[in-house]
Amino acid sequence: MKKFCGYLRPPPTVTFMGRQMRMEFRSDDSLNYRGFSAEYSFIDIAPPPTTPPTTVTRSPREVLNDEVSLAKKKLVDWFMGLRRKGTLTKKWGHELPRIAVALFLADQENLQSGNRTMYEMNYELTIQLLSKLQGGGHLKRRDLSLYIPALMVACVDPRNFHGRDLVAELRSDIESNNGTGSPFELLVLCNAGDAMSDRDVQRMATIFDSQHRPFWTDNQALATLALACASAQPGVTVDERTLLDMAQELKKRQFRNGTVDNIKTTALVIQALAATGSLEREFDFWAAIRALLAAQRDDGSVGSFLDSYYVLPVLSRSTLLNVTANHCKRPETSESEALNELQDSRGSRVSVTCSVVIGTDVDLKRTWTLKVLANSSLYSIMEMVQKLDSRQKVEYNVIDGKPFVSSVMGIQDDAETGFYWFTFLRKHNAEDSILVEDSPVDVKIEANQELILWYKSGQWNKP
């Protein structure tokens, strides 16, 4: 074009006609037309096709699983909300045994060793039971069957509760009553590792067959759970057909809306069927789950306290068979080993006492009498008591490289309530005591002195 048109002088003439453009080119200032023209048409160009966003289709079951997870969280929060604030004792109340089991079955992390909730429940369960055992009293079977599982999940050995074998006591009570135990009592014994006999197996089957009234379905479900537990013990023979027949009988009780009698019974039946491995055969499991979800209230609870107690394991894909103490950490030094260590220490000894006191008005006081090496530090006394009783775990804040007590038994200094741990020393039979402000590693105990760790109002009052 350059050769023909030169340097495009004059520039081309441009004419627009609708959606067309015409350009006339003349060569080298020629007055006469000598050149060429070009015409262009404008057309609409569609944008390139875009890839539609990928839509993930979720199955109804996946959606329902999400609803179950949310319902579980709300129910756990409701149980945790039962803890009373602003009080040193009785934080959990008389339903503590069931609360402890429910939270454990929801997630073992709730009562993991070192967890503050576990320490609180451990402490309060111990206080409740000691109160019931005052004066060498005998626990009722109902109390034994409620507290044994709670002690297990809170890492308190029910076979050695302050020298008493609670599991053996429950077994003895059952046998002394012509062997008639409730299915829940038998389940408790089985979970606690008590050996199941052929007679126990026969009892469970008899209990199931004798519960003919519709509102006794709860007992049938518990009998099924107990028999499923027994079948897992070595040396125990349980006809698998018997378990399946029990499960089949329970399935017949389901209504069209998914429930079995009521919310509590529905949850128990689901647990029993899960234990037999026949949950989703000839039983509308998802309809039952939807019925449980529909019963949840705005505060997270599901009906009554008892309803909530049985429903939480179901939402957590667990059952009462999962009550165990396997999550508990064994103390590095057992009580007997600590006593041997104390006896083997050489050197002159002095007699001292160590007390842990809770509450300004002394709601609880526990005392240990020890013979320790002369010139032992308060710190070494605290550590020795902790070895003798692992529940008396002492934690410290380190200031300028030295430890100061900040927590005992998982009970921490609490700035909101104004309660703190104080250390006192008192001579034998003396009324007055001395507040220890130095680090316990720097203070030596003398013969016949009492070391007091006191959780009380921070008013610097003497005990």
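Note: Cβ is positioned from N, Cα and C throughout, glycine not excepted.
TrEMBL labels come from automatic prediction, so no person has curated them.
Annotation comment: TrEMBL describes ASP218, ASN262 as cyanocob(III)alamin binding site. Look at TrEMBL and you will find CYS190-CYS229 tagged as disulfide bond. Positions annotated as domain 'CUB' by TrEMBL: 1-43.
Overlay of TrEMBL feature records on the structure.
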{"residue": "CYS190", "record": "disulfide bond", "Cβ neighbours (10 Å)": "25"}
{"residue": "ASP218", "record": "cyanocob(III)alamin binding site", "Cβ neighbours (10 Å)": "21"}
{"residue": "CYS229", "record": "disulfide bond", "Cβ neighbours (10 Å)": "24"}
{"residue": "ASN262", "record": "cyanocob(III)alamin binding site", "Cβ neighbours (10 Å)": "17"}
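Note on the domain 'CUB' (1-43): mean pLDDT across this stretch is 60. ASN262 (cyanocob(III)alamin binding site) and CYS229 (disulfide bond) have their C-alpha atoms 25 Å apart, to the nearest angstrom.
CYS190 (disulfide bond) and ASP218 (cyanocob(III)alamin binding site) have their C-alpha atoms 18 Å apart, to the nearest angstrom.
Classification of CYS190 (disulfide bond) by DSSP places it within a helix. The secondary structure of ASN262 (cyanocob(III)alamin binding site), as reduced to three states from DSSP, is extended strand.
Comparing ASP218 (cyanocob(III)alamin binding site) with CYS229 (disulfide bond), their Cα atoms are 17 Å apart once rounded. Under the three-state DSSP scheme, CYS229 (disulfide bond) falls in the helix class.
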